[in-house]
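Going by Swiss-Prot, these are the annotated features:
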- 23-43: transmembrane segment (TRANSMEM)
- 50-70: transmembrane segment (TRANSMEM)
- 88-108: transmembrane segment (TRANSMEM)
- 120-140: transmembrane segment (TRANSMEM)
- 144-164: transmembrane segment (TRANSMEM)
- 179-199: transmembrane segment (TRANSMEM)
- 254-274: transmembrane segment (TRANSMEM)
- 295-315: transmembrane segment (TRANSMEM)
- 351-371: transmembrane segment (TRANSMEM)
- 394-414: transmembrane segment (TRANSMEM)
- 429-449: transmembrane segment (TRANSMEM)
- 477-497: transmembrane segment (TRANSMEM)
Amino acid sequence: MFQVPSAGEIQELIGALKTGASAFVPEIFLSGLFLLVVTIDLFRIPSKRTIIPAVSVIGLIISGYFVYLQHAIPPDEFFLGMYAVDPFAIFFKYLFIVSGVFAVLISIDSVEVNLPESRSLGEYYSLIVAMVLGMFLMASSTDLLMMFLSLEMVSIISYILVGYLKGQVRSSEAGLKYVIYGSVSSGLMIYGFSIIYGLTGETNIFAINEFLKHNEVDSITLMLGSLLILGGFGYKAGVVPFHFWSPDVYEGAPTPITAYLSVGSKAAGFAMLIRFFRVTIPTGAGSTDLLAFDWVTLLSVVSVVSMVLGNVVALWQSNVKRLLAYSSIAHAGYILLGVIVADDLGTQATLFYLAAYTIMNIGAFFVIILISNEIGSDDVNDYKGLGKKMPLAAASLTIFLVSLTGLPPTVGFIGKLMIFSALLAKGPVFVWLAVIGVLTSVVSLYFYFKIPLNMYLRESEDGSETEFNVGMLSNALVAFLMILTVVFGLYFTPLSVLAEESVKIIGAVVMN
């Protein structure tokens, strides 16, 4: 029977809302920005195609300022323990804003996004803003219900954006496949949540930790629930065996959305995975201790298989977007190596790598968009002679691919170095993981460098050397991302310090 809340409970709820509102300013602002973009789209304004992306970019940058102000808030829980503000969440919010801003910017010159048969641009850009909002919530969620709702919010928006090109069969097919895979993974995850709730009677992850430390529950059931939850997070992060959606979705989606999913969605998945497992794993050694299960071995196997499968299958890909999809699976494996370490050094390496991956992967996809605009193809074999036709784009893409491989002097090299160093510092047991990481990076050299091989060492079939006319804004953005890739490879201290300061997670424990 429904019970009317008491005056004290109502007062407590109002107090929680008032306290939480001050910590929720970035999310409130993004909600307003979403409504503003939708509203602008309702009016017949001649320059609407310019105004909407401009408003979106400016709004996202302003939201970054509000995130910056959160540094002054002591790490704490808000909204009755459903939402946290801590350095860890703030770091990911910066990452989501950067990926969102560049998703908007690279969409401006994308021919496929601006096709006449495409949906409303206001709808497109407002959904990018809404997705940033959803990822904000994912990074700060400290309650099973909030985790599920925020992940579903991001997933549903992703389904729409992947199928944005309604006039193209491959986009609609990619959207449908994404919905099917996403629905299955969401079902698995919510079932895992229900098992954890059934065992503990709690949805707050800190309360779950406390319950498991002081009470006995069935270990097998607990492991089953945790594995199902891992499946849900793994789907968003794109690790094996939850990767099946990646190749088809990356190939069929509009390229700016492919770039956005490859960095923003992946980072959000890892944010939830790291927070959940570093907080809910209790430090005790009782029969219900999650550490009674060898999580390190399980995650190590997932990481190794992701690195091997992603890099090996990419060897046979001729479509650039599909190639980078398998590359993304491999990089998810590298990132997972830092998660396995599960201490501050490992978390720092993970955060640094995610930031590095955001820069170099968005840069690579941006160049692919510019090339596709000119030649109308994503096939590697059609890249012949582009070193002369698009000199800046070709040089930049080569730098991004060098960074994705993990070679100096790029930020990708520093990222992998930090991951492998964290593994070696953890102990000799983890050396084999670092060795496999290095070997799979060597394998990636082949499929990454067949792209520059075509651009510089093979002539185009038409024999033409006439340069394509790429816009000034596009060239400036590509050059900026290329410079960041090299500069952070040579002078990585600012990014490393930011990652180091962002490892503080409320209630986190170390997995031994």
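Quick reminder: no glycine exception, Cβ is built from N, Cα and C everywhere.
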Looking only at the recorded stretches 50-70, 88-108, 254-274, 477-497, which one has the largest tally of CB-CB distances under 8 Å to the transmembrane segment (144-164)? 254-274
In contact by Cβ distance (the transmembrane segment (179-199), the transmembrane segment (477-497); 3 or more pairs under 8 Å): no
Under 8 angstroms, Cβ to Cβ: which one of 50-70, 254-274, 429-449 has the largest number of such pairs with the transmembrane segment (394-414)? 429-449
Please work out whether the transmembrane segment (295-315) lies in contact with the transmembrane segment (23-43), by counting C-beta pairs under 8 angstroms that are 6 or more apart in sequence and asking whether there are at least 3. no
Among 23-43, 120-140, 351-371, the stretch with the most Cβ pairs under 8 Å to the transmembrane segment (50-70) is 23-43
Range from 120-140, 179-199, 254-274, 351-371 with the greatest count of C-beta pairs under 8 A to the transmembrane segment (88-108): 254-274
Within-chain partners of the transmembrane segment (120-140) [C-beta distance under 8 Å, separation at least 6 from its ends]: 26-27, 30-31, 33-34, 37-38, 40-42, 48-49, 52-53, 56, 59-60, 63, 83-85, 88-89, 92-93, 96-97, 100, 103-104, 107, 113-114, 146-147, 149-151, 153-154, 157-158, 160-161, 164, 260, 264-265, 267-269, 271-272, 275
Distant-in-sequence neighbours of the transmembrane segment (254-274), which means Cβ under 8 A and at least six residues beyond its ends: 88-89, 92, 95-96, 99-100, 102-103, 106-107, 110, 112-113, 128, 131-132, 134-135, 138-139, 141, 147, 151, 154, 158, 161-162, 164-165, 171, 230, 233-238, 321, 324-325, 328, 332, 335, 339, 347, 350, 354, 357-358, 361-362, 365-366, 368-369, 372, 378, 505
